[in-house]
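Engineer: So TrEMBL lists these for the protein:
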| type | residues | note |
| --- | --- | --- |
| TRANSMEM | 55-75 | transmembrane segment |
| TRANSMEM | 87-112 | transmembrane segment |
| TRANSMEM | 124-140 | transmembrane segment |
| TRANSMEM | 146-164 | transmembrane segment |
| TRANSMEM | 176-195 | transmembrane segment |
| TRANSMEM | 229-247 | transmembrane segment |
| TRANSMEM | 259-279 | transmembrane segment |
| TRANSMEM | 299-322 | transmembrane segment |
| TRANSMEM | 329-349 | transmembrane segment |
| TRANSMEM | 355-374 | transmembrane segment |
Amino acid sequence: MADRHSSTKGEEDVAEIKKALATGSVNSHSKVASTGAYETSPCPNNMLQLTCVPLCHSVAPVVCYCMASILMTVVNKFVVSGHSFNMNFLLLCIQSSVCVACVMIVKTLGIISFRDFDMKEAKMWFPISVMLVGVIYTGSKSLQYLSIPVYTIFKNLTIILIAYGEVIWFGGRVTGLTLVSFILMVISSVIAAWADVSDALAVGDPAVAEAVSGGLSSVTGVVSKLNVGYFWMFMNCVTSAAYVLTMRKKIKGTGFSDWDTMFYNNLLSIPVLAVASIIAEDWGYDNLTRNFPPETRTFLLFAIAFSGGAAVGISYTTAWCIRATSSTTYSMVGALNKLPVAASGMIFFGDAVTFGSVTAIGVGFFAGLVYAVAKNNQKKAETAAQQGIIPLANRTS
């Protein structure tokens with residue numbers, strides 16, 4: 001048993017060393033592993049400097065993260081909302097290619113650092129990238145059929161699946177306050193679905209009036225379109241939870257940093273997306289013209305490329321936000337960010353502003369805040385419990 005523990009501990013140490021070397025996190029201020037001592041900081045007033053950091057240093061990354069998230073969602077919605085757009089695999093392939101190119105350029109400029117491509121690591125990580133393809137494809141399909149507020153609210157359900165997946169596979173724990181946040185998330189999703197269906201079938205809606213005049217089959221078509229959207233949303237929640245839980249298990253053995261993960265995920269997903277596009281999508285001239293009309297083709301391709309760059313921006317601003325503030329602040333920002341993202345759909349795409357939709361956004365927003373507070377409290381309790389444990393070596397003294 002002791003040998004197994006030491007072996008596992010050794011593997012984790014190797015993974016941490018790999019991660020540190022890949023990201024350049026080993027520096028003059030890091031802990032000296034061989035002696036267990038810390039090098040002295042060149043600045044004697046280190047604590048004073050930390051307390052005197054200007055407020056703008058914390059506000060800037062938060063604002064940039066929120067802007068990147070909103071831009072990513074809005075641009076993706078714009079692209080897939082085109083008339084008769086059906087080449088989602090091609091869209092995602094272009095985005096992944098742009099993302100890899102941007103990451104490589106930023107690495108060349110010395111702004112970020114991540115490990116070089118390794119075939120052995122690529123083979124080990126390839127199943128994760130295939131799962132990511134499922135996540136981004138189902139996400140693009142659900143966004144194609146659903147409004148941004150509904151899409152944003154239903155994404156909260158992924159948190160519930162991940163939490164209980166961690167309970168089953170990693171010995172996680174769901175506290176009472178966390179359970180309350182989950183109940184609020186479910187309530188907000190039910191309200192959002194109710195408001196969405198009610199709005200789609202509202203008397204006086206031009207689309208519905210046209211459907212009614214066309215007969216019962218047309219009305220059924222309106223509802224069927226919503227059902228398709230909710231089906232893809234459900235599939236996105238399931239695949240996202242499976243992806244996160246599987247990646248958590250894999251990442252411990254590789255020591256991947258966030259940039260390593262992003263690089264391998266996007267690079268390995270390109271051939272999968274390209275093959276899927278060639279096999280499953282219509283590459284005929286007429287279909288390409290319908291998806292990329294000549295009058296908007298240049299702007300559409302620019303928007304697709306921009307969304308690929310925005311993905312890099314989200315990753316960078318996420319790391320920047322955590323580094324400049326704290327993981328707790330970042331979790332709160334993630335909860336608060338749901339509100340402007342949902343509102344962006346109402347502003348840019350004319351999504352209905354009804355009592356039901358506003359209520360759903362409000363309840364979802366509050367659920368996110370409760371969840372962030374619950375996770376923060378749970379983290380504090382676990383830290384306090386760990387500090388209260390007496391080391392085994394001291395019990396004999």
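Cβ from N, Cα, C; glycine included.
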Engineer: So, taking each listed stretch (259-279, 299-322, 355-374) in turn and counting its Cβ pairs to the transmembrane segment (176-195) that are under 8 angstroms, which one gives the highest count?
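Structural biologist: Looking at each of 259-279, 299-322, 355-374 in turn, the most contacts to the transmembrane segment (176-195) are made by 355-374.
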Engineer: Go through 124-140, 146-164, 259-279 and flag the stretch with the largest number of C-beta pairs under 8 Å relative to the transmembrane segment (55-75).
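Structural biologist: Out of the listed stretches, 146-164 contacts the transmembrane segment (55-75) most.
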Engineer: For the transmembrane segment (259-279), which stretch among 87-112, 124-140, 146-164, 299-322, 329-349 has the most Cβ pairs under 8 A?
Structural biologist: 87-112
Engineer: Taking the transmembrane segment (299-322) as the first stretch and the transmembrane segment (229-247) as the second, find out whether 3 or more Cβ pairs fall under 8 Å, excluding pairs closer than 6 in sequence.
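Structural biologist: By the criterion, they do not touch.
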Engineer: Against the transmembrane segment (229-247), which of these stretches has the most C-beta pairs under 8 Å: 87-112, 146-164, 329-349?
Structural biologist: 146-164
Engineer: Taking 124-140, 146-164, 329-349 as candidates, which has the most Cβ pairs under 8 Å with the transmembrane segment (87-112)?
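Structural biologist: If we count Cβ pairs closer than 8 Å to the transmembrane segment (87-112), 124-140 scores highest.
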Engineer: With a Cβ cut-off under 8 Å, give me the same-chain residues at least six positions beyond the ends of the transmembrane segment (329-349) that come close to it.
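Structural biologist: For the transmembrane segment (329-349), the nonlocal Cβ contacts are 58, 62, 65-66, 69-70, 73-74, 77-78, 81, 147-149, 151-153, 156, 318, 321-322, 357, 361, 364-365, 368-369, 371-372, 375-376.
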